[in-house]
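**Q** Take this structure first; my questions come after.
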Amino acid sequence: CLQTCDNRLRSDYERPSCTGKGNDRGSGVKPPVRPSRSCRAVDMGCAVSTAADKEAAERSKKIDRDLRADGERQAREVKLLLLGAGESGKSTIVKQMKIIHESGYTADECKLYRPVVHSNTIQSLLAIIRAMGQLKIDFKDPSRADDARQFFTVAGATSSQECEITPELASLMKRLWQDPGVQHCFARSREYQLNDSASYYLNALDRISQPSYTPTQQDVLRTRVKTTGIVETHFVFKELHFKMFDVGGQRSERKKWIHCFEGVTAIIFCVALSGYDLVLAEDEEMNRMIESMKLFDSICNNKWFVETSIILFLNKKDLFEEKITRSPLTICFPEYTGSNTYEEAAAYIQMKFESLNKRRDTKEIYTHFTCATDTNNIQFVFDAVTDVIIKNNLKDCGLF
């Protein structure tokens with residue numbers, strides 16, 4: 001457009017003047033030159049066009065920057081789905097994330113768990129005493145029967161939200177808990193439903209019944225509240241932004257999992273090793289370990305999770321190690337011919353789960369033995385899990 005303007009200027013300069021005497025080149029005086037209207041219009045059009053181009057270029061650069069930032073943000077966002085059957089330790093893992101990555105529970109938050117601790121303790125002792133009737137086990141001291149009736153009366157008049165173990169109630173509960181008949185029934189807890197933390201709380205009755213009692217971090221970890229719906233937790237670790245979803249493990253809750261599936265980075269599947277000789281609370285004909293295997297099979301080989309990392313937590317290894325010496329693995333796996341030692345029995349269970357992977361040639365299962373109530377163990381394991389996630393993310397980007 002500048003060339004066009006220059007040509008028109010030249011044309012105006014060389015055109016005969018209005019006096020009819022030519023352009024008076026010889027006089028040494030040049031007539032004033034004014035660009036034509038068309039030239040001025042072209043010049044203005046060029047300026048407008050150039051400004052518009054610059055604005056469009058800036059918009060394009062901003063879009064590119066926003067896309068890059070969004071891509072980097074998405075690359076640093078990790079969506080973890082915690083799956084597993086009921087009472088496999090998923091919610092305890094979530095609590096550990098708060099302790100490890102969010103400075104733990106404040107004193108005020110711990111105080112909120114006091115009624116839960118007291119309720120769990122009372123419900124555990126109630127379950128044991130009820131089971132004594134079912135299993136035909138008597139109190140060693142006949143006077144404990146009166147204590148039991150008094151305990152049932154007090155417990156029945158208290159709601160779980162207002163639950164409080166007073167020093168007087170604690171004294172009553174201690175007498176019951178220390179009775180040899182109650183201890184014998186507790187030893188047979190695989191024959192009925194009992195909270196894993198029953199002995200932990202019942203052995204701490206003096207401490208947890210004090211008027212000034214505030215639950216410790218470990219007390220909070222041991223609490224049991226059935227998860228209904230979906231619980232979402234956010235935290236940052238190794239410059240990654242984690243979103244962890246804990247969903248109810250009971251059969252009635254599993255239909256809600258589908259809402260969490262989209263865009264999942266990895267699945268942490270929790271199995272209670274100690275469940276090999278227990279039955280489900282919701283189906284007393286179904287062994288807990290077998291139920292976990294069926295569920296793991298459906299998740300591991302699901303077409304929607306072909307590209308999703310599967311991390312297997314064989315949890316409650318502490319309870320399993322204590323139990324395996326007195327309760328044989330053949331209760332769950334009749335074909336098992338190994339010894340009832342922790343190492344051999346745990347390795348067999350690991351093999352049984354990993355063999356369910358129908359894509360083992362192309363898809364690896366990352367297995368860890370865990371104790372969800374052990375903060376150091378979970379911190380170590382989760383560090384390894386994060387490294388796997390980072391490595392797989394780099395693979396997806398073609399950088400590994």
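Cβ from N, Cα, C; glycine included.
According to TrEMBL, the feature region 'Disordered' maps to 13-36. What TrEMBL records for 87-92, 196-197, 221-227, 246-250, 315-318, ALA372 is GTP binding site. Under the heading Mg(2+) binding site, TrEMBL lists SER91, THR227.
Please go over these features one by one and say how buried each is and what sits next to it.
**A** In sequence order, SER91, VAL116 constitute the residues six or more apart from VAL225 (GTP binding site) in its chain with CB-CB distances below 8 Å.
Mapped onto three states, the DSSP output places THR227 (Mg(2+) binding site) in coil.
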**Q** Using DSSP, would you call VAL247 (GTP binding site) helix, strand or coil?
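**A** Looking at the DSSP assignment, VAL247 (GTP binding site) belongs to a strand.
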**Q** For each of the binding-site residues (LEU221, VAL247, ALA372), count the other CB atoms lying within 10 A of its CB, then report the residue with the highest count.
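**A** When each Cβ's neighbours within 10 Å are tallied, ALA372 leads.
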**Q** Could you tell me which of these binding-site residues, SER91, THR227, ASN315, has the greatest number of Cβ atoms within 10 Å of its own Cβ?
**A** ASN315
**Q** Work out the three-state DSSP category of ASN315 (GTP binding site).
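**A** Once the DSSP labels are grouped into three classes, ASN315 (GTP binding site) ends up as strand.
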**Q** Three states by DSSP: which one describes SER91 (GTP binding site)?
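**A** DSSP assigns SER91 (GTP binding site) to helix.
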